[in-house]
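**Q** Dumping what TrEMBL says about this protein:
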type	residues	note
BINDING	GLY88, GLN89, THR90, GLY91, SER92, GLY93, LYS94, THR95	ATP binding site
DOMAIN	6-380	domain 'Kinesin motor'
Amino acid sequence: QQPPHCVPPAIRVLPLTCTDTRRGVRPVVHSLGDGTVHVSAARHDATFGFSAVFDAGSSQEAVFEGSGMRQLVELAIEGFSCTVFAFGQTGSGKTYTLMGPLAQSEKQPAAPGLLGLMQRSFSCLLEQSRSRGSDLALSASYLEIYNEQVRDLLSPGPPYALPLRWSKTRGFYVENQLNVDFESLETITELLLQGAEPRRRRTSAHALNRHSSRSHALLTIHVRSRAVSTPGSLIITPRCGFPQAGARPGKQGSLCFVDLAGSERVKETGSSGELSVEANNINRSLLALGHCISLLAKPRGKRTHIPYRDSKLTRLLARSLGGSGITLMVRGEDGWEGGDGGVTGSSPVALPQVACVSPSSRCLSETLSTLHYASRARRVTTKP
């Protein structure tokens, strides 16, 4: 089983910041069209090809439609486990791309044109749900990984650490994680904003970003289609193992948004004390993620052990990265590749990526690192 459409990886080049503009910093990253990004600076001249590239003038709607998010929502409804990564250096616009402006609340919602991939996906999902009547059941969970602790952003009171467990049937999972049912856009938007509040998800200011995320955040929408009665159909029930008439089994899919904390160089951010500890933990977990992706990008015959246990982040993303059931991932322009995974009884997986980069010459090193990272990630394939 393979999905009918592929979800292309996307690169987003954000505009220069006001600070860079005042300082006269010149852009060194340019979109050439046709999915091509060119980096031109002293001792650096490189071109990268991707399936979708959005320049500084691209709207939030253009990113949503062009990055394949609408297809991803449809795949989640069909029972696929879909994960969206937003990654890049600190201050490159990852959270804005996913959520829209930081200055939004229930009383002061963001302008419709500025809404991010999350809110637009929620709207698309609920439209599909309404068109299906009472067929779909939706719920949400929201976690952060802060200093290698997994915390529930939806639990009442201040977030606290939760244990991360492993089982043969479920893989890695968070014990006592809260799942909240929802049926309206207002409810899921309220949950999103509640979890993203500064008193919940950790943010701080440093030299490169006044609102730097100090944790990785994972918001997951669980999509369950109820069993549908179909006269004459047969299913195998787990209790007796014999065919039973009258129902078609439901599907269970998910749509997970991963807002990775930005990589940062302590010398450039001026971080010290607690900020320095946070930066070291962020960089260490991103290094573990990059290492897993580098190994997965190799041909299957040349792969060694994939060290998912090196960080809480890679443990939680092991299923998305390595695949379970059928793992689906864009590989260049060739479409979908299927793969075998290690967790039994789980859904097929679709894994797109949104890489955000700054065009500033001050950020050249981190921008090149992000583009190389994205190039490696799109070569990851798995096989049934």
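For all residues, glycine too, the Cβ spot is worked out from N, Cα and C.
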**Q** Got a sec? Which of these binding-site residues, GLY88, GLY91, has the most Cβ atoms within 10 Å?
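**A** The residue with the most neighbouring Cβ atoms within 10 Å is GLY88.
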**Q** Using a 10 angstroms cut-off on Cβ to Cβ distances, just flag whichever of GLN89, THR90, SER92, THR95 is the loneliest among these binding-site residues.
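**A** Selected from the binding-site residues GLN89, THR90, SER92, THR95 on minimum Cβ neighbours within 10 Å: GLN89.
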**Q** Considering the binding-site residues GLY93, LYS94, which residue's Cβ sits among the greatest number of other Cβ atoms within 10 Å?
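**A** It comes out as LYS94.
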